[in-house]
Amino acid sequence: MGEESLRKRKGEDNGKEDGQSIQSHEPQTMNLQKQAKLFLFPVGLISGICMIVGTIIGSGIFVSPKSVLANVGAVGPCLTIWAACGILATLGALCFAELGTMITKSGGEYPYLMEAFGPIPAFLFSWTSLLVTKPSSFAIICLSFAEYASAPFYPGCDPPQVVIKCLAAAAIVIITIVNSLSVKLGSYLQNFLTAAKMIIVTIIIVSGIVLLAQGKTENFKDSFKDSKISVSSIGLAFYNGLWAYDGWNQLNYITEELKNPYRNLPLSIIIGIPLVTVCYVLMNISYFTVMTSTELLQSQAVAVTFGDRVLYPASWIVPLFVAFSTIGSANGTCFTAGRLVYVAGREGHMLKVLSYISVKRLTPAPAIIFYGAIAIIYIIPGDIDTLINYFSFAVWIFYGLTILALIVMRFTRKELRRPIRIPIIIPVIVTLVSILLVLAPIISAPELAYLYCVLFILSGLIVYILFVHFKFSWPQKISKPITMHLQMLLEVVPAEEVTE
(Lines of atoms letter the chains of each structure in order from A; the text may use other names.)
(Lines give C-alpha, C1' and ligand atoms only; values in the text may rest on other atoms or scores of the structure.)
Protein backbone atom coordinates (compact mmCIF):
# COMPACT_ATOMS: atom_id res chain seq x y z
CA MET A 1 0.00 0.00 0.00
CA GLY A 2 2.88 2.36 0.89
CA GLU A 3 4.54 1.87 -2.53
CA GLU A 4 1.19 2.22 -4.34
CA SER A 5 0.51 5.44 -2.44
CA LEU A 6 3.97 6.74 -3.34
CA ARG A 7 3.40 5.90 -7.02
CA LYS A 8 0.10 7.79 -6.94
CA ARG A 9 1.82 10.78 -5.33
CA LYS A 10 4.54 10.74 -8.04
CA GLY A 11 1.86 10.50 -10.71
CA GLU A 12 0.12 13.54 -9.23
CA ASP A 13 3.42 15.44 -9.15
CA ASN A 14 4.04 14.59 -12.81
CA GLY A 15 0.53 15.70 -13.61
CA LYS A 16 1.27 19.04 -11.99
CA GLU A 17 4.43 19.43 -14.07
CA ASP A 18 2.44 18.67 -17.23
CA GLY A 19 -0.01 21.47 -16.42
CA GLN A 20 -2.83 19.19 -15.18
CA SER A 21 -4.96 20.15 -12.20
CA ILE A 22 -4.30 18.77 -8.74
CA GLN A 23 -7.22 18.51 -6.38
CA SER A 24 -5.53 20.33 -3.50
CA HIS A 25 -4.51 23.24 -5.76
CA GLU A 26 -7.62 23.24 -7.96
CA PRO A 27 -9.07 26.63 -6.93
CA GLN A 28 -5.80 28.48 -7.60
CA THR A 29 -5.16 26.71 -10.91
CA MET A 30 -8.70 27.34 -12.13
CA ASN A 31 -8.34 30.99 -11.13
CA LEU A 32 -5.15 31.35 -13.14
CA GLN A 33 -6.57 29.54 -16.16
CA LYS A 34 -9.63 31.78 -16.05
CA GLN A 35 -7.35 34.80 -15.81
CA ALA A 36 -5.33 33.68 -18.82
CA LYS A 37 -8.46 33.37 -20.94
CA LEU A 38 -9.69 36.82 -19.94
CA PHE A 39 -6.34 38.53 -20.41
CA LEU A 40 -5.75 36.98 -23.85
CA PHE A 41 -8.74 37.48 -26.16
CA PRO A 42 -9.09 36.10 -29.73
CA VAL A 43 -8.84 38.68 -32.53
CA GLY A 44 -10.51 38.04 -35.90
CA LEU A 45 -10.15 39.74 -39.30
CA ILE A 46 -12.51 42.67 -38.64
CA SER A 47 -11.02 43.22 -35.19
CA GLY A 48 -7.53 43.06 -36.71
CA ILE A 49 -8.37 45.73 -39.30
CA CYS A 50 -10.00 47.89 -36.60
CA MET A 51 -6.93 47.49 -34.38
CA ILE A 52 -4.60 48.62 -37.19
CA VAL A 53 -6.82 51.56 -38.21
CA GLY A 54 -7.68 52.48 -34.62
CA THR A 55 -4.06 52.39 -33.44
CA ILE A 56 -2.55 54.21 -36.45
CA ILE A 57 -5.13 57.01 -36.64
CA GLY A 58 -4.52 58.92 -33.46
CA SER A 59 -2.67 62.14 -32.85
CA GLY A 60 -0.32 61.98 -35.86
CA ILE A 61 -2.65 63.21 -38.60
CA PHE A 62 -3.66 66.18 -36.42
CA VAL A 63 -0.09 67.10 -35.38
CA SER A 64 2.30 65.99 -38.14
CA PRO A 65 0.89 67.93 -41.18
CA LYS A 66 2.50 71.12 -39.87
CA SER A 67 5.85 69.43 -39.25
CA VAL A 68 5.92 67.64 -42.62
CA LEU A 69 5.11 70.90 -44.43
CA ALA A 70 7.72 72.82 -42.41
CA ASN A 71 10.44 70.42 -43.59
CA VAL A 72 9.58 70.38 -47.33
CA GLY A 73 8.07 73.87 -47.69
CA ALA A 74 5.32 73.27 -50.29
CA VAL A 75 2.00 71.50 -50.80
CA GLY A 76 3.12 69.11 -53.58
CA PRO A 77 6.10 67.55 -51.77
CA CYS A 78 4.02 67.43 -48.57
CA LEU A 79 1.27 65.30 -50.17
CA THR A 80 3.93 63.17 -51.88
CA ILE A 81 5.60 62.47 -48.51
CA TRP A 82 2.27 61.42 -46.98
CA ALA A 83 1.60 58.96 -49.82
CA ALA A 84 5.19 57.65 -49.74
CA CYS A 85 4.99 57.10 -45.98
CA GLY A 86 1.85 55.01 -46.50
CA ILE A 87 3.59 52.91 -49.15
CA LEU A 88 6.63 52.41 -46.89
CA ALA A 89 4.41 51.44 -43.94
CA THR A 90 2.56 48.92 -46.14
CA LEU A 91 5.83 47.36 -47.40
CA GLY A 92 7.20 47.21 -43.85
CA ALA A 93 4.00 45.63 -42.59
CA LEU A 94 4.14 42.98 -45.36
CA CYS A 95 7.65 42.08 -44.18
CA PHE A 96 6.27 41.78 -40.64
CA ALA A 97 3.44 39.61 -42.00
CA GLU A 98 5.97 37.04 -43.25
CA LEU A 99 7.81 37.20 -39.92
CA GLY A 100 4.57 36.95 -37.93
CA THR A 101 3.33 33.87 -39.78
CA MET A 102 6.78 32.26 -39.74
CA ILE A 103 7.34 32.85 -35.99
CA THR A 104 3.88 32.93 -34.41
CA LYS A 105 4.88 34.50 -31.10
CA SER A 106 3.61 37.72 -29.56
CA GLY A 107 5.96 40.57 -28.69
CA GLY A 108 6.50 42.31 -32.04
CA GLU A 109 10.15 42.57 -33.06
CA TYR A 110 11.45 40.80 -29.96
CA PRO A 111 10.98 37.12 -31.00
CA TYR A 112 12.18 37.83 -34.57
CA LEU A 113 15.42 39.43 -33.39
CA MET A 114 15.86 36.58 -30.90
CA GLU A 115 15.45 33.96 -33.64
CA ALA A 116 17.71 35.67 -36.21
CA PHE A 117 20.47 37.29 -34.16
CA GLY A 118 20.23 35.83 -30.67
CA PRO A 119 19.45 37.31 -27.25
CA ILE A 120 21.60 40.49 -27.29
CA PRO A 121 19.79 42.43 -30.09
CA ALA A 122 16.45 41.18 -28.72
CA PHE A 123 17.38 42.45 -25.26
CA LEU A 124 18.52 45.84 -26.64
CA PHE A 125 15.16 46.14 -28.40
CA SER A 126 13.18 45.39 -25.22
CA TRP A 127 15.49 47.69 -23.21
CA THR A 128 14.98 50.58 -25.66
CA SER A 129 11.25 49.94 -26.05
CA LEU A 130 10.64 49.75 -22.32
CA LEU A 131 12.49 52.97 -21.47
CA VAL A 132 12.38 55.06 -24.69
CA THR A 133 10.11 54.25 -27.62
CA LYS A 134 6.91 53.03 -25.91
CA PRO A 135 6.77 55.62 -23.10
CA SER A 136 7.78 58.48 -25.44
CA SER A 137 5.04 57.41 -27.86
CA PHE A 138 2.56 57.48 -24.98
CA ALA A 139 3.84 60.95 -23.97
CA ILE A 140 3.64 62.36 -27.54
CA ILE A 141 0.03 61.23 -27.96
CA CYS A 142 -1.05 62.66 -24.59
CA LEU A 143 0.72 65.98 -25.31
CA SER A 144 -1.18 66.12 -28.62
CA PHE A 145 -4.43 65.45 -26.76
CA ALA A 146 -3.61 68.24 -24.30
CA GLU A 147 -2.90 70.75 -27.12
CA TYR A 148 -6.24 70.09 -28.81
CA ALA A 149 -8.22 69.92 -25.57
CA SER A 150 -6.83 73.25 -24.34
CA ALA A 151 -6.85 75.14 -27.70
CA PRO A 152 -10.56 76.24 -27.53
CA PHE A 153 -9.90 77.91 -24.16
CA TYR A 154 -7.10 80.11 -25.58
CA PRO A 155 -8.50 81.54 -28.86
CA GLY A 156 -5.95 83.46 -30.91
CA CYS A 157 -2.90 82.35 -28.92
CA ASP A 158 -0.99 79.27 -27.88
CA PRO A 159 -2.02 77.56 -24.63
CA PRO A 160 0.60 77.87 -21.85
CA GLN A 161 3.05 74.97 -21.76
CA VAL A 162 2.32 74.31 -18.09
CA VAL A 163 -1.39 73.81 -18.91
CA ILE A 164 -0.56 71.43 -21.78
CA LYS A 165 1.85 69.36 -19.70
CA CYS A 166 -0.43 69.14 -16.65
CA LEU A 167 -3.35 68.08 -18.84
CA ALA A 168 -1.18 65.49 -20.61
CA ALA A 169 -0.01 64.09 -17.26
CA ALA A 170 -3.63 63.88 -16.07
CA ALA A 171 -4.54 61.97 -19.26
CA ILE A 172 -1.69 59.49 -18.67
CA VAL A 173 -2.78 58.92 -15.08
CA ILE A 174 -6.44 58.33 -16.04
CA ILE A 175 -5.59 55.94 -18.92
CA THR A 176 -3.13 54.06 -16.71
CA ILE A 177 -5.73 53.67 -13.95
CA VAL A 178 -8.45 52.51 -16.38
CA ASN A 179 -6.23 49.89 -18.02
CA SER A 180 -4.82 48.73 -14.67
CA LEU A 181 -8.31 48.24 -13.22
CA SER A 182 -10.04 46.35 -16.04
CA VAL A 183 -9.23 44.84 -19.43
CA LYS A 184 -12.93 45.02 -20.38
CA LEU A 185 -13.23 48.68 -19.38
CA GLY A 186 -10.13 49.52 -21.44
CA SER A 187 -11.56 47.56 -24.38
CA TYR A 188 -14.97 49.27 -24.20
CA LEU A 189 -13.29 52.68 -23.96
CA GLN A 190 -11.16 51.82 -27.01
CA ASN A 191 -14.21 50.81 -29.08
CA PHE A 192 -16.03 54.05 -28.23
CA LEU A 193 -13.01 56.24 -28.97
CA THR A 194 -12.27 54.42 -32.26
CA ALA A 195 -15.82 55.16 -33.42
CA ALA A 196 -15.35 58.80 -32.40
CA LYS A 197 -12.11 59.18 -34.34
CA MET A 198 -13.67 57.77 -37.52
CA ILE A 199 -16.46 60.36 -37.20
CA ILE A 200 -14.01 63.28 -37.19
CA VAL A 201 -11.95 61.75 -40.03
CA THR A 202 -15.13 61.40 -42.11
CA ILE A 203 -16.25 64.97 -41.31
CA ILE A 204 -12.89 66.45 -42.41
CA ILE A 205 -12.67 64.35 -45.61
CA VAL A 206 -16.28 64.99 -46.71
CA SER A 207 -15.92 68.73 -45.98
CA GLY A 208 -12.75 68.81 -48.11
CA ILE A 209 -14.41 67.00 -51.01
CA VAL A 210 -17.35 69.46 -50.92
CA LEU A 211 -14.98 72.44 -50.91
CA LEU A 212 -12.99 71.01 -53.84
CA ALA A 213 -16.24 70.50 -55.75
CA GLN A 214 -17.02 74.20 -55.10
CA GLY A 215 -13.72 75.16 -56.73
CA LYS A 216 -11.49 75.79 -53.68
CA THR A 217 -8.32 74.75 -55.51
CA GLU A 218 -6.21 77.93 -55.45
CA ASN A 219 -3.81 76.55 -52.80
CA PHE A 220 -2.89 73.64 -55.11
CA LYS A 221 -1.63 75.84 -57.98
CA ASP A 222 2.17 75.74 -58.39
CA SER A 223 2.18 73.18 -55.60
CA PHE A 224 5.93 72.49 -55.92
CA LYS A 225 6.94 76.17 -55.92
CA ASP A 226 9.24 77.30 -53.06
CA SER A 227 9.84 73.71 -51.94
CA LYS A 228 13.07 73.08 -50.00
CA ILE A 229 14.28 69.60 -50.78
CA SER A 230 17.40 68.10 -49.20
CA VAL A 231 18.41 64.77 -47.72
CA SER A 232 17.98 66.15 -44.20
CA SER A 233 14.60 67.82 -44.84
CA ILE A 234 13.17 64.71 -46.54
CA GLY A 235 14.44 62.52 -43.70
CA LEU A 236 12.85 64.73 -41.02
CA ALA A 237 9.63 65.01 -43.07
CA PHE A 238 9.50 61.21 -43.27
CA TYR A 239 10.06 61.00 -39.50
CA ASN A 240 6.99 63.13 -38.86
CA GLY A 241 4.89 61.44 -41.54
CA LEU A 242 5.85 57.94 -40.39
CA TRP A 243 5.03 58.91 -36.81
CA ALA A 244 1.43 59.37 -37.98
CA TYR A 245 1.56 55.82 -39.46
CA ASP A 246 3.19 54.29 -36.39
CA GLY A 247 1.22 51.28 -35.24
CA TRP A 248 1.37 49.39 -38.56
CA ASN A 249 3.10 46.52 -36.75
CA GLN A 250 0.73 46.35 -33.76
CA LEU A 251 -0.84 43.02 -34.77
CA ASN A 252 2.59 41.37 -34.46
CA TYR A 253 2.48 42.14 -30.74
CA ILE A 254 -0.57 39.89 -30.33
CA THR A 255 0.09 37.17 -32.95
CA GLU A 256 -0.67 34.44 -30.40
CA GLU A 257 -4.16 35.94 -29.95
CA LEU A 258 -5.05 36.16 -33.66
CA LYS A 259 -7.61 33.73 -35.05
CA ASN A 260 -6.04 31.99 -38.06
CA PRO A 261 -2.99 34.32 -38.20
CA TYR A 262 -1.83 32.85 -41.54
CA ARG A 263 -4.92 34.40 -43.18
CA ASN A 264 -5.96 37.29 -40.93
CA LEU A 265 -2.56 38.90 -40.32
CA PRO A 266 -1.72 39.65 -44.00
CA LEU A 267 -5.34 40.48 -44.90
CA SER A 268 -5.64 42.95 -42.01
CA ILE A 269 -2.44 44.65 -43.21
CA ILE A 270 -3.37 44.72 -46.91
CA ILE A 271 -6.80 46.23 -46.13
CA GLY A 272 -6.01 48.38 -43.09
CA ILE A 273 -2.88 50.35 -44.02
CA PRO A 274 -3.92 51.41 -47.57
CA LEU A 275 -7.25 52.52 -46.05
CA VAL A 276 -5.35 54.71 -43.57
CA THR A 277 -3.12 56.06 -46.38
CA VAL A 278 -6.13 57.16 -48.43
CA CYS A 279 -7.66 58.82 -45.34
CA TYR A 280 -4.42 60.67 -44.55
CA VAL A 281 -3.87 62.01 -48.08
CA LEU A 282 -7.52 63.13 -48.33
CA MET A 283 -7.35 64.82 -44.91
CA ASN A 284 -4.24 66.76 -45.92
CA ILE A 285 -5.95 67.81 -49.16
CA SER A 286 -8.90 68.98 -47.03
CA TYR A 287 -6.59 71.07 -44.83
CA PHE A 288 -5.10 72.79 -47.90
CA THR A 289 -8.52 73.65 -49.33
CA VAL A 290 -9.03 76.23 -46.54
CA MET A 291 -5.45 77.09 -45.48
CA THR A 292 -2.41 78.30 -47.35
CA SER A 293 0.97 76.82 -46.46
CA THR A 294 1.77 79.86 -44.30
CA GLU A 295 -1.56 79.67 -42.44
CA LEU A 296 -1.16 75.97 -41.79
CA LEU A 297 2.34 76.51 -40.37
CA GLN A 298 1.05 79.26 -38.08
CA SER A 299 -1.84 77.16 -36.76
CA GLN A 300 -1.38 75.75 -33.25
CA ALA A 301 -3.95 73.00 -33.91
CA VAL A 302 -4.51 72.34 -37.63
CA ALA A 303 -7.82 70.50 -37.35
CA VAL A 304 -9.23 73.17 -34.99
CA THR A 305 -8.38 75.91 -37.51
CA PHE A 306 -10.04 73.80 -40.22
CA GLY A 307 -13.18 73.44 -38.08
CA ASP A 308 -13.32 77.17 -37.32
CA ARG A 309 -13.30 78.02 -41.03
CA VAL A 310 -15.59 75.29 -42.33
CA LEU A 311 -18.06 74.23 -39.64
CA TYR A 312 -18.72 77.70 -38.13
CA PRO A 313 -21.11 77.32 -35.13
CA ALA A 314 -20.45 73.57 -34.96
CA SER A 315 -16.66 74.06 -34.90
CA TRP A 316 -16.54 72.84 -31.28
CA ILE A 317 -17.08 69.33 -32.69
CA VAL A 318 -13.52 69.22 -34.09
CA PRO A 319 -11.45 69.72 -30.91
CA LEU A 320 -13.83 67.44 -29.00
CA PHE A 321 -13.54 64.54 -31.44
CA VAL A 322 -9.82 65.12 -32.06
CA ALA A 323 -9.35 64.87 -28.28
CA PHE A 324 -11.32 61.60 -28.38
CA SER A 325 -9.13 60.37 -31.23
CA THR A 326 -5.83 61.15 -29.53
CA ILE A 327 -6.91 59.78 -26.16
CA GLY A 328 -8.13 56.64 -27.98
CA SER A 329 -4.72 56.14 -29.57
CA ALA A 330 -3.07 56.64 -26.17
CA ASN A 331 -5.47 54.11 -24.65
CA GLY A 332 -4.67 51.62 -27.40
CA THR A 333 -0.93 52.06 -26.80
CA CYS A 334 -1.40 51.47 -23.08
CA PHE A 335 -3.82 48.57 -23.71
CA THR A 336 -1.15 46.55 -25.60
CA ALA A 337 1.74 47.66 -23.38
CA GLY A 338 2.01 44.41 -21.42
CA ARG A 339 2.71 42.08 -24.37
CA LEU A 340 6.34 43.00 -24.99
CA VAL A 341 7.15 43.03 -21.27
CA TYR A 342 5.43 39.69 -20.85
CA VAL A 343 7.41 38.03 -23.66
CA ALA A 344 10.71 39.58 -22.50
CA GLY A 345 9.98 38.50 -18.92
CA ARG A 346 9.29 34.99 -20.18
CA GLU A 347 12.83 34.94 -21.62
CA GLY A 348 14.35 36.31 -18.39
CA HIS A 349 15.23 39.63 -20.05
CA MET A 350 13.10 41.90 -17.89
CA LEU A 351 12.35 42.48 -14.22
CA LYS A 352 10.01 39.67 -13.31
CA VAL A 353 7.54 41.90 -11.50
CA LEU A 354 6.88 43.82 -14.75
CA SER A 355 5.57 40.62 -16.36
CA TYR A 356 3.20 39.84 -13.48
CA ILE A 357 -0.57 39.99 -13.91
CA SER A 358 -3.20 41.08 -11.39
CA VAL A 359 -5.20 38.17 -9.98
CA LYS A 360 -8.29 40.23 -9.12
CA ARG A 361 -8.22 42.79 -11.92
CA LEU A 362 -6.97 40.43 -14.68
CA THR A 363 -4.63 43.11 -16.10
CA PRO A 364 -0.83 43.49 -16.59
CA ALA A 365 -0.94 46.22 -13.91
CA PRO A 366 2.80 46.50 -13.08
CA ALA A 367 3.79 46.97 -16.76
CA ILE A 368 1.04 49.53 -17.36
CA ILE A 369 1.87 51.53 -14.21
CA PHE A 370 5.56 51.49 -15.15
CA TYR A 371 4.81 52.76 -18.68
CA GLY A 372 2.64 55.54 -17.26
CA ALA A 373 5.31 56.66 -14.79
CA ILE A 374 8.06 56.80 -17.47
CA ALA A 375 5.73 58.63 -19.90
CA ILE A 376 5.09 61.37 -17.31
CA ILE A 377 8.86 61.87 -17.02
CA TYR A 378 9.08 62.38 -20.83
CA ILE A 379 6.38 65.05 -20.68
CA ILE A 380 8.37 67.31 -18.34
CA PRO A 381 11.27 68.48 -20.58
CA GLY A 382 10.28 67.67 -24.17
CA ASP A 383 8.14 69.28 -26.86
CA ILE A 384 6.25 67.18 -29.39
CA ASP A 385 8.48 67.74 -32.47
CA THR A 386 11.68 66.91 -30.56
CA LEU A 387 10.16 63.79 -29.04
CA ILE A 388 8.90 62.62 -32.47
CA ASN A 389 12.36 63.03 -34.05
CA TYR A 390 14.16 61.05 -31.36
CA PHE A 391 11.37 58.46 -31.15
CA SER A 392 11.50 57.90 -34.92
CA PHE A 393 15.30 57.72 -34.93
CA ALA A 394 15.33 54.99 -32.25
CA VAL A 395 12.39 53.02 -33.58
CA TRP A 396 13.65 52.88 -37.18
CA ILE A 397 16.96 51.44 -36.03
CA PHE A 398 15.05 48.39 -34.80
CA TYR A 399 12.55 48.33 -37.68
CA GLY A 400 15.50 48.14 -40.09
CA LEU A 401 17.26 45.50 -37.98
CA THR A 402 14.09 43.39 -37.79
CA ILE A 403 13.51 43.47 -41.56
CA LEU A 404 17.20 42.65 -42.04
CA ALA A 405 16.46 39.63 -39.84
CA LEU A 406 13.89 38.51 -42.42
CA ILE A 407 16.55 38.62 -45.16
CA VAL A 408 19.09 36.80 -42.97
CA MET A 409 16.63 34.01 -42.06
CA ARG A 410 15.90 33.41 -45.76
CA PHE A 411 19.43 31.94 -45.84
CA THR A 412 20.06 30.74 -42.27
CA ARG A 413 16.62 29.31 -41.38
CA LYS A 414 15.42 27.75 -44.61
CA GLU A 415 13.66 24.95 -42.68
CA LEU A 416 11.10 27.34 -41.14
CA ARG A 417 7.61 27.15 -42.64
CA ARG A 418 6.62 30.33 -44.46
CA PRO A 419 2.87 30.51 -45.17
CA ILE A 420 3.50 33.98 -46.61
CA ARG A 421 6.60 34.55 -48.72
CA ILE A 422 7.02 38.07 -50.06
CA PRO A 423 9.48 38.92 -52.90
CA ILE A 424 12.97 39.46 -51.46
CA ILE A 425 13.15 42.89 -53.11
CA ILE A 426 10.56 44.28 -50.63
CA PRO A 427 12.60 43.69 -47.43
CA VAL A 428 15.74 44.87 -49.27
CA ILE A 429 14.04 48.18 -50.20
CA VAL A 430 12.65 48.70 -46.67
CA THR A 431 16.05 47.92 -45.10
CA LEU A 432 17.81 50.45 -47.36
CA VAL A 433 15.16 53.10 -46.60
CA SER A 434 15.56 52.39 -42.88
CA ILE A 435 19.32 52.96 -43.15
CA LEU A 436 18.70 56.27 -44.98
CA LEU A 437 16.14 57.37 -42.36
CA VAL A 438 18.60 56.66 -39.55
CA LEU A 439 21.68 58.21 -41.21
CA ALA A 440 20.15 61.21 -43.03
CA PRO A 441 19.52 63.49 -40.02
CA ILE A 442 22.87 62.53 -38.44
CA ILE A 443 24.86 63.41 -41.58
CA SER A 444 22.89 66.49 -42.66
CA ALA A 445 22.03 68.06 -39.27
CA PRO A 446 24.01 66.30 -36.55
CA GLU A 447 22.86 66.84 -32.97
CA LEU A 448 24.21 65.48 -29.71
CA ALA A 449 20.79 64.11 -28.86
CA TYR A 450 21.14 61.43 -31.58
CA LEU A 451 24.46 60.40 -30.05
CA TYR A 452 22.84 60.22 -26.61
CA CYS A 453 20.12 58.00 -28.09
CA VAL A 454 22.69 55.58 -29.56
CA LEU A 455 24.69 55.56 -26.32
CA PHE A 456 21.54 54.77 -24.36
CA ILE A 457 20.74 51.83 -26.65
CA LEU A 458 24.31 50.52 -26.30
CA SER A 459 24.21 50.98 -22.51
CA GLY A 460 21.77 48.07 -22.56
CA LEU A 461 24.82 45.87 -23.23
CA ILE A 462 26.14 46.66 -19.74
CA VAL A 463 22.78 45.81 -18.19
CA TYR A 464 22.62 42.59 -20.21
CA ILE A 465 26.12 41.44 -19.20
CA LEU A 466 25.62 42.23 -15.50
CA PHE A 467 22.04 41.13 -14.91
CA VAL A 468 21.15 38.64 -17.67
CA HIS A 469 24.38 36.92 -18.76
CA PHE A 470 26.26 36.65 -15.45
CA LYS A 471 23.18 36.93 -13.23
CA PHE A 472 25.01 38.33 -10.22
CA SER A 473 23.39 37.42 -6.93
CA TRP A 474 23.40 40.89 -5.34
CA PRO A 475 20.79 42.41 -7.73
CA GLN A 476 18.50 39.46 -6.96
CA LYS A 477 18.95 40.05 -3.22
CA ILE A 478 17.83 43.65 -3.75
CA SER A 479 15.00 42.89 -6.19
CA LYS A 480 13.44 39.96 -4.32
CA PRO A 481 12.09 41.94 -1.32
CA ILE A 482 10.95 44.74 -3.68
CA THR A 483 9.18 42.20 -5.88
CA MET A 484 7.57 40.57 -2.84
CA HIS A 485 6.22 43.87 -1.50
CA LEU A 486 4.96 44.94 -4.94
CA GLN A 487 3.23 41.56 -5.32
CA MET A 488 1.42 42.07 -2.04
CA LEU A 489 0.58 45.71 -2.82
CA LEU A 490 -0.71 45.12 -6.38
CA GLU A 491 -1.92 41.53 -5.82
CA VAL A 492 -0.17 40.18 -8.91
CA VAL A 493 1.14 36.74 -9.91
CA PRO A 494 3.92 35.63 -12.31
CA ALA A 495 2.86 35.51 -15.95
CA GLU A 496 4.49 32.07 -16.26
CA GLU A 497 1.93 30.63 -13.87
CA VAL A 498 -0.90 32.32 -15.75
CA THR A 499 0.00 30.71 -19.06
CA GLU A 500 0.38 27.21 -17.68
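Indices start at 1 and increase along the chain as displayed.
Each residue, glycine too, has its Cβ placed from N, Cα and C.
Any TrEMBL annotation is an automated prediction that lacks curation.
As recorded in TrEMBL, the features of this protein are as follows:
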- 1-27: region 'Disordered' (REGION)
- 1-19: compositional bias 'Basic and acidic residues' (COMPBIAS)
- 38-62: transmembrane segment (TRANSMEM)
- 74-100: transmembrane segment (TRANSMEM)
- 112-132: transmembrane segment (TRANSMEM)
- 162-183: transmembrane segment (TRANSMEM)
- 195-213: transmembrane segment (TRANSMEM)
- 267-290: transmembrane segment (TRANSMEM)
- 316-342: transmembrane segment (TRANSMEM)
- 362-381: transmembrane segment (TRANSMEM)
- 387-408: transmembrane segment (TRANSMEM)
- 420-443: transmembrane segment (TRANSMEM)
- 449-470: transmembrane segment (TRANSMEM)
Thinking of Cβ pairs under 8 Å, which stretch from 162-183, 195-213, 267-290, 387-408, 420-443 has the most of them with the transmembrane segment (74-100)?
267-290
What else in the chain is close to the transmembrane segment (362-381), if you only count residues 6 or more beyond its ends and a Cβ gap under 8 Å?
35, 38-39, 130-131, 134-136, 138-139, 142-143, 165, 168-169, 172-173, 175-176, 179-183, 186, 334, 337-338, 341-342, 353-356, 387, 486, 490, 492, 495
Can you work out which residues elsewhere in the same chain, 6+ from the ends of the transmembrane segment (420-443), have a Cβ less than 8 Å from its Cβ atoms?
88, 91-92, 94-95, 97-98, 101-102, 231-232, 234-236, 238-239, 242, 262, 265-266, 389, 392-393, 396-397, 399-400, 403-404, 406-407, 410, 450
